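Student: Shown below is the structure under consideration.
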Amino acid sequence: MNEIRETLVQTPKKATAVIRAEALAKTYAEGKMRTPVFDGLDLSVATGETVAIVGASGAGKSTLLHLLGGLDIPTSGEVYVAGERMSALSDAQRGKLRNQALGFVYQFHHLLPEFTALENVMMPVLLSGEDVAVAKSQALQLLESVGLGHRVEHKPSELSGGERQRCAVARALVNKPGCVLGDEPTGNLDDKTAGTVFELMLELNRAQRTSLVLVTHDRGLARRLDRVLELHQGKLRELAPSAV
């Protein structure tokens, strides 16, 4: 992150917050119609913390995740990632910060079909400017840790659904990001495989102190995280364990 910090605008930050949203608002416009998703939303995620975001379909959970990851631009308000104010950055700077400070895991793995598991996991390291030898070493280490050491030369089409998602988790973590954002990362898997992938993410969270922010409809999985936040009518509210 040192190289990034030399070129990006410095902003005040809470020392323990890896991601912070302040007065976040998002409204979609189509012609004269305005559809507000949320307004005045605040959120802070500490280093190593695990947070579940739950809510009804269409509540804006994925939109919130995209805003936190700098994949979408808020109508108003600010998002800080690793202390950097996202709105102050160019597209190139945001992309560089995302690659080094964040990891993403989706319901669909989004692995590149023409590349092997190893090559897919190497990609973020190469994009950060490291040479092939470093990228290969880091990718092999992560693939081994997720139980795919024997499948590194296989392409996504040759992997099972659970193996593809484990490969996606390895890719998300290979640059040792401060936070991983997951949008229903186990949603396409059967219960047993989903549990395995979820356990893997928690193990890597503990080992690397990587924060997790997971959008999920599975209240059982959500209860196992440090905090559960419900997005309801444009507001975030923390749920008591008994209410999850």
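Note: Cβ is positioned from N, Cα and C throughout, glycine not excepted.
As listed in Swiss-Prot for this protein:
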type: DOMAIN; residues: 19-244; note: domain 'ABC transporter'
type: BINDING; residues: Gly55, Ala56, Ser57, Gly58, Ala59, Gly60, Lys61, Ser62; note: ATP binding site
Student: If we count other C-beta atoms within 10 Å, could you say which of the binding-site residues Ser57, Ser62 has the fewest?
Tutor: Ser57
Student: Which one is it: of the binding-site residues Gly55, Gly58, Gly60, which Cβ has the fewest other Cβ atoms within 10 Å in this structure?
Tutor: Gly58
Student: With an 8 Å cut-off on Cβ distance to the Gly55, Ala56, Ser57, Gly58, Ala59, Gly60, Lys61, Ser62 Cβ center, who else from the chain surrounds the ATP site?
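Tutor: Close Cβ neighbours, site residues excluded: Leu231.
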Student: Which residues of the same chain, at least 6 positions away in sequence, have a Cβ lying under 8 Å from the Cβ of Ala59 (ATP binding site)?
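Tutor: When sequence neighbours closer than 6 are ignored, Ala59 (ATP binding site) has Leu231, His232, Gln233 within Cβ distance under 8 Å.
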Student: For the domain 'ABC transporter' (19-244), what is the mean per-residue pLDDT, to the nearest integer?
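Tutor: The predicted confidence over the domain 'ABC transporter' (19-244), as a mean pLDDT, is 88.
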Student: By the count of other Cβ atoms within 10 Å, pick out the sparsest of the binding-site residues Ala56, Lys61.
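Tutor: The binding-site residues Ala56, Lys61 were compared, and Ala56 has the fewest Cβ atoms within 10 Å.
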